[in-house]
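Accompanying notes for the structure given below.
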């Protein structure tokens, strides 16, 4: 047991903070709570009556010294320990102790009383490790009755003894203990002690034995000192001998009957025991060499007259030195056979030595690493100083001055501003000058140095007032648009009008265009073509899913890794103040806790405000009024109103069949062949195959999926050409064998050629682009006759089953209650059948049920159609059908959500067709919103719905009168083959869709 664990470092605890470590173990060691007396060193000592006394441990030392000098009453000073179990008068050094009255509050160390006087003792539970005979352990008790009884004994000048027993389950709630927690003061010097475990429910069950939670074998201990504590009291226990708990003697405080135990008899002269004793002593020496923490304990062990040849006491000492678990230590305590106990202890000490070696090795490796890093740092500093003295190298700041010429550290930044001249605003120039002065005053090692330098780098890299010459040539713009896109005549016309206005004004800024249309119709590529037509540098960034406003307006400079927003990056990358900026997917803006990006775009896209756009990082106004902005979106519904109000919307409708075929032949097929490396003429796709490909595999509004299908066809054709050896594969030369010709790239540009901005790029002029494509095309080998021919029947084998079939669910005439409507989707237009059926007939059964994933607006439209259909029958004198019929209206393709009011006419017609048992004309499709009074209101998506009707083989279309102008704006080839009927009242719809028998 730790007799008094007081190293030289421990002695410093009274003078200040004590945190010295040995290896990885600090002297604040919670694994040895009973030996750590820092609380006694640091805390003041109080007697029972609350009088402040001298430091507790100082008084204990003074007391021990006085015992060595002058034993009282002639009693011989004997060491505390187990001896032979108490038969030899084992106990503490004798002195008739005084109580707390007029004393230091600590009892004298006296010989243990005869065993007959202590057949019953108060039990103190230990939760972490047992107390060994001869050891000192501080514990905290919170049982007030136990504390009170101990104080009473002290006031009566009587020695207080307790039985210290280990708990069977440490810290288990509800165990029979008298409110004791050992080892909690191990952190007293660093903070408050852990709360002691209390058991106020010990008497909850009178039939239970609270002492059953304690191990049977413990230690008979003298209460040497009682120190008041904020959680009760702290006892300083001095172990005397082993005792065995034999029964319960009292409950509050817990008292047990004990039997005092003696060590088993042994022959100390036996060779094996001598060898064991020497081995234990040798191992302890190794332990002390590895861990000097225990030197003071060994000195105290010797100081009190301990005999190293007393194997029993030596075993107890060695066990107390280890950090073994409580179970192993309790087993040593319970072992009465000295030889067997010594064997157990020797094993524990050996393990402790190995642990200390491992600990020392870890500590040594850590110290070596730290020493190595420190040595490297010192050598590098010395090397810098030597180089500086020799003039070979200067510090970072001086090197920066030398690198940037005679103008000093700020010369490079000033040189950047010189070409811009008066283009730099005065307020910006003033900020730059202030930052340059700050840079000269900051130490290079400071973090502010790099922050200021990066800030100046951004400020001086922007093209203040630098603009490129804009090309406002209408014929050239027309050529570019026709070259890049087929069709889209209305869009091209609007763009040319925009350029014409810019030519008259001298500049095209001031307008924010927004291209809206389905996916794949060419919105982004139209923007790139506009940049080519205007000869402006092109920059694109997508805001789809963007939820951080800092992406647009930048981060504050106080943040680590702060950067400007996208617009400032755009100006730096393009190098001019008037680029063409395409903001893609503006309808998919997000919103998060970092701010609202849509609100940040309000300032960016407002011509009245963006002349002084304020980026959070730069914190100076930036003129964006000369930037030409264009946005793209699939829908307008999700764009915030204030943002939409700042843009001029240009709608791009889906392509019709003929346009898709032309686009596939002119652009997509050529590009797919080049990407697959197939020679010209090697693969031929027939007209029938192209028609089937467009109608059955790529029916969407755009051509993106059509491009994918063509690429798939050419990949499979390339595989067949190579597999069957139908084409000669050219040998590709290595770079060393290429006759010295280098491939053009960023690293092989001619001298003086500025690289294109790392954006989606500066678009080359049309003539240059056409010439490059022509050269690339001629470089490929050509076939006189196609090696692979793809016909309509081959598509299923190449592309799989067609995903699209005919929209017509009913091949021939439709039954009563079924009407073909027209719908608009993000993919374009489609036909939409409305089916009505009578589920139940009977008096008062009139009701309407709708299915098919209909939205709220469409459900309301169905209810309006139902009400109006009842009015129509009432006017005809046949109102009983709707009053007595439970009707069910279904819109097929139930997995597809549907919404909108434009199906009102179709639903009303389906209900009337069912009521009159009269089928609707099979060649008629209709669309339009109906009101309760029978008015037919205009709808949207006229072109898409017209294309859907034409694709389904419909000959007659019914549109609201309000959409006549939209129809007239359609191209002639779109309207060809269709007969349109414009209606204002539903009665006109009824007459066209449900004619009387024999009419029409």
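Including glycine, each Cβ sits where the backbone N, Cα and C put it.
It is 64-116, from the ranges 64-116, 117-169, that TrEMBL records as region 'Disordered'. Taking TrEMBL as the reference, the stretch among 665-698, 699-732, 733-766 described by the feature region 'Disordered' is residues 733-766. In the three-state DSSP assignment, the secondary structure recorded for residue 517 (ATP binding site) is coil. By the criterion of other Cβ atoms within 10 Å of the residue's own Cβ, the least surrounded of the binding-site residues 518, 519, 520 is 519.
Across the domain 'Lon proteolytic' (813-996), mean pLDDT in this model comes to 89. Residue environment of residue 517 (ATP binding site) contains 24 other Cβ atoms, counted within 10 Å of its Cβ in all protein chains.
Using the Cβ center of 517, 518, 519, 520, 521, 522, 523, 524 for ATP, the list of other same-chain residues with Cβ within 8 Å runs, in sequence order, 515, 632, 634, 652, 701, 702, 704.
Taken residue by residue with DSSP, residue 523 (ATP binding site) is part of a helix. In sequence order, 485, 488, 652, 702, 703 make up the list of same-chain residues 6 or more apart from residue 522 (ATP binding site) whose Cβ falls under 8 Å from its Cβ. A sphere of 10 angstroms centred on the C-beta of residue 524 (ATP binding site) encloses 18 other C-beta atoms. Under 8 Å, Cβ to Cβ, and six or more positions away along its own chain, residue 521 (ATP binding site) finds 488, 652, 653, 654, 655, 701, 702, 703. Of all Cβ atoms in the shown protein chains, 25 besides its own fall within 10 Å of the Cβ of residue 523 (ATP binding site).
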